[in-house]
Amino acid sequence: MDQLRVRAPLYAAGVATAAAFSTLFTGGALPVFLGAALVALLAGSSGRFRFLLMLPAAALYALVSVYGRLPLSPGGWRSLASRVGRNAYEAVGTMYAETPPYEEPTAGLLIILVPVAVVLVALATSATLYEGSPVPSMAVLGLTIGLVSTVNQEAGIGPYFALFLASCVAILLLTPSGEAGTGISGAGGGRLGPIGGLLAGVIVVGLVLALPSTPLAGAAIRPALIDWTQIGTGTTSRLAVEADVGNYLNAGRENELLRVRSEEPLLWRGGTLDYFDGARWSSRVRPGEDDGREVAQGVETRIVEQRFEVLNAETEAVFGGYRMASVSLPDAEQRPDGSWVSDETLSGGSRYRVLSLVPQPTERQLEEAGIDYPAAVRERFLQLPRGLPGEVEDTAGKIREDYSLEDATPYEKARAIERYLLYDGGFAYNLDVDYGRADRALEEFLGDGREGFCVQFATSMTLLSRELGVPSRLVYGARTGEEVGPDEYVVRGENMHTWVEIYFPEVGWYPFDPTPGFGVPSVMEANAPGPTGASGTASPGAPVPPDVDRGAGRADEPEPDGRVPLQEPADAAGRGLGVWATTGVLLPILLTLALLTGGTPLLKRALAARTTPEALYRDLTGRLEDVSWPLASNGYGADDRTLTPTERLVGAAKDRGLEVEPFGVFARIYSEHLYSAAPETKIVEPYEDALREFRKVPRWRRFLGAINPTSVAVSLKRRLAKRAQWARLRRRLRG
């Protein structure tokens, strides 16, 4: 065959697949994965040694590309192994909590992804070059690109997919037939031809393009659910646009999380989220950063003391009314966004006091605050992701036009957005909304959906404010809860909530709640109240959520000890998986598919390569058995000991619609070998004649037979049985 014409597009497809992994990072990873492609292509093209080289080459290249020169001493290897373990553990946490693309190619992420890229490309290369299996090889590579594209939300994948597509079609058109003795010979048949190549290419490309739209992909790109125990601990916290707080509304609604004694009902603030990547929020608060003045000088404040008791919950976040001036916990510290965090986990029975200075700015102060924003505030709180849905800009334009905001102050813009979401935009409060894919939730909510709960409303107001040039941030925490006594409230899972804070230069941060039927408690906006009906009383026609007196949110089901860790909701499995949780399922499936399409034929070839009469007989019976699937074999199984070799081969050949004479000749010579020690060389030519007849089996059935491991399993079973028999015999002789 013309090796060059096949190898050129094959290698291009391999390079495209490995390089596609680099799109999981914002930069710096392409050279590493190009090197992985080179290693994979060399290993997959190394003839009889390829299967021995694949895994060691993948492991060694990963270590060298990530850590540089390898150690020479046993102690150095132990240290390296420990380092790899730590990095991989950290990478698993990163893949669970964060969404690609990652900011930098860390050692842990590379040590996991590089070997995967090498093995997949090497197996596909081997299967195409030596087993004549271009279709499954291209399917594995194409699905790999599709999976990376799905996880990465199709960012930057275009050039690699285009290269793969062109290479795929070329390979399917140019790959010639296998030759006798290749193990899978004929599984690919002769040249696929223009029509066959085009059809196979359409199928492979269709699978790749359809993958991002499948329900499994929808689950794969849903973000990991919020981990409440990590909020405010300095690690990245996630709040999905479509999930998280909403997940507290079905499971454990009545679980009591906090008991609060306060002379005033407030929103119990937990922390803020300032960075939006298009699908979810995260907190990028770091010690020493400038979040703008929380409360400016000259703004009146009201002192409110609260006493908190943690009930069935665990968290490091210190909840309290904004702005918390002091906390009684000795190991708690204040963060730049005005939230507090405890070094020790607060669990059932923990108690603390909070002294809050609740801002009381007037409408005039808010109106005259101006737009002299600090540079840090502009950079962080006007941030909008690339590829933001057009619905955000369109909605902002509609609000600007409908409310005549061309010369409006930031305060007027904020109130206009709030009113639009509360009353004028036709939005409805709905706890059961499910937008399926987190990266499309926003456009559906602002588009035709117009239903949601606090997360959608607060996210929309935050982004619309930024679109109109008003700095904003998302706030998570809890509503006041149920009043169970004078100045005493119980916060349940259903009270978890999100709202918005807007920055005003001469005032500080001020709260807004755009969720219909809720609103900011009156004491928090005493001198500058929200739109009519925003403080808990909806205007006529505005949808009112159930249990409005208790707020919105929900908690997990109790654990065996009765506690409710404020982590992933109990129904997380039904609502969606983390990015890499699902990827962790898909990658093994792809690897298994690659091993079946490449490994099974290789093993069959190895078993037949010895050209002993027994090996050739097992190869023919195995082929006939394997191509019978999924049809019945009518009793001519390769493991049926009641049949003679002639009965088994002739019966199986007849059963498959083949000419029985070549198989009968081979069976006769094989039987002579068994009973009269005939020369082994006499059996090779009849074997090749039978093999040529076998190739009359339809091409698609030969392919299924080539990757069907039934005959290999039968052979393994027979070998194990013989070993067990010899072991029993040796024990008897010794006894």
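Placement of Cβ uses the backbone N, Cα and C atoms for every residue, glycine included.
Taken verbatim from TrEMBL:
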type	residues	note
COMPBIAS	547-562	compositional bias 'Basic and acidic residues'
DOMAIN	446-516	domain 'Transglutaminase-like'
REGION	523-570	region 'Disordered'
TRANSMEM	20-44	transmembrane segment
TRANSMEM	51-70	transmembrane segment
TRANSMEM	105-123	transmembrane segment
TRANSMEM	135-151	transmembrane segment
TRANSMEM	157-174	transmembrane segment
TRANSMEM	195-213	transmembrane segment
Please give the sequence-distant neighbours of the transmembrane segment (20-44): residues at least 6 beyond its ends with Cβ less than 8 Å from one of its Cβ atoms. 11, 14, 50, 53-54, 57-58, 61-62, 65-66, 100-105, 109-110, 113-114, 116-126, 129, 144-145, 148-149, 151-152, 155-157, 160-161, 164
Per DSSP, what is the residue tally for the domain 'Transglutaminase-like' (446-516) in helix, strand and coil? 21 helix, 32 strand, 18 coil
Across the whole of the domain 'Transglutaminase-like' (446-516), what does the mean pLDDT come to? Round it, please. 94
